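Asks: Look at Swiss-Prot and you will find E80, D108 tagged as active site, backed by similarity to another entry. Marked as site 'Important for efficient shutoff activity and nuclear localization' by Swiss-Prot: R195, K198, R199. Positions annotated as site 'Important for efficient shutoff activity' by Swiss-Prot: K202, K203, K206.
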Amino acid sequence: MEDFVRQCFNPMIVELAEKAMKEYGEDPKIETNKFAAICTHLEVCFMYSDFHFINELGESVIIESGDPNALLKHRFEIIEGRDRTMAWTVVNSICNTTRAEKPKFLPDLYDYKENRFVEIGVTRREVHIYYLEKANKIKSEKTHIHIFSFTGEEMATKADYTLDEESRARIKTRLFTIRQEMASRGLWDSFVSPREAKRQLKKDLKSQGRCAGLPITVSHRTSPALKILESMWMDSNRTAALRVSFLKCPKK
């Protein structure tokens with residue numbers, strides 16, 4: 001799984017996710033499923049915001065090539081990907097400027113067009129189950145929830161999918177491709193099933209001769225690493241390097 005992640009995700013995303021996990025004592029070489037999940041969530045958040053701008057009339061526009069006009073403003077503020085202190089600073093600034101209700105938990109994005117925070121979810125399970133879990137945790141009608149699955153399904157608050165169909169299709173296609181590539185490498189079952197993941201982890205550690213002295217456990221809690229990615233990448237260019245193109249999985 002680790003090799004798959006390094007081959008199939010943008011190197012910047014891999015580096016951010018790896019550093020985030022290590023800062024919380026999580027080893028990407030051991031908790032490889034979590035490593036893959038963090039990278040996937042990051043990529044979806046970036047893809048969600050990619051190419052979407054607001055013009056001088058306040059209208060949402062899509063620009064996919066070249067540098068956007070100076071009069072255009074990014075439609076989405078990316079909160080996911082920043083360290084917690086900076087993320088809360090951004091949230092507080094948004095709330096002070098827009099008078100939006102401050103969320104109890106760090107959201108992933110802020111939508112300047114709809115004036116609302118957005119929580120992005122990527123699930124290996126049924127979308128409605130994951131949606132309800134998110135909604136129960138957030139407990140706020142002010143934060144918009146949008147869930148994607150690896151099977152092409154999606155679910156959003158009040159069936160408001162925010163993005164145009166083509167933009168959402170781009171995300172769904174990427175997730176489906178990730179699933180297919182995992183399956184072709186025999187990784188999908190362990191990625192979906194905690195029991196299979198634990199069995200695979202034991203097998204991998206044994207094959208590496210690293211079982212001695214190591215606890216054989218797989219954490220299923222939401223990783224705090226998802227919220228502590230290094231803010232140094234979030235400069236005024238708004239992760240321009242990520243907007244160029246995402247690496248495609250190499251063929252077997």
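One is the number of the first residue shown, and numbering goes on along the chain from there.
Each residue, glycine too, has its Cβ placed from N, Cα and C.
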Asks: Taking the active-site residues one at a time (E80, D108), which has its Cβ surrounded by the most other Cβ atoms within 10 Å?
Replies: D108
Asks: What does the structure give for the C-alpha distance between D108 (active site) and E80 (active site)? Integer Å is fine.
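Replies: Answer for this pair: 4 Å between alpha carbons.
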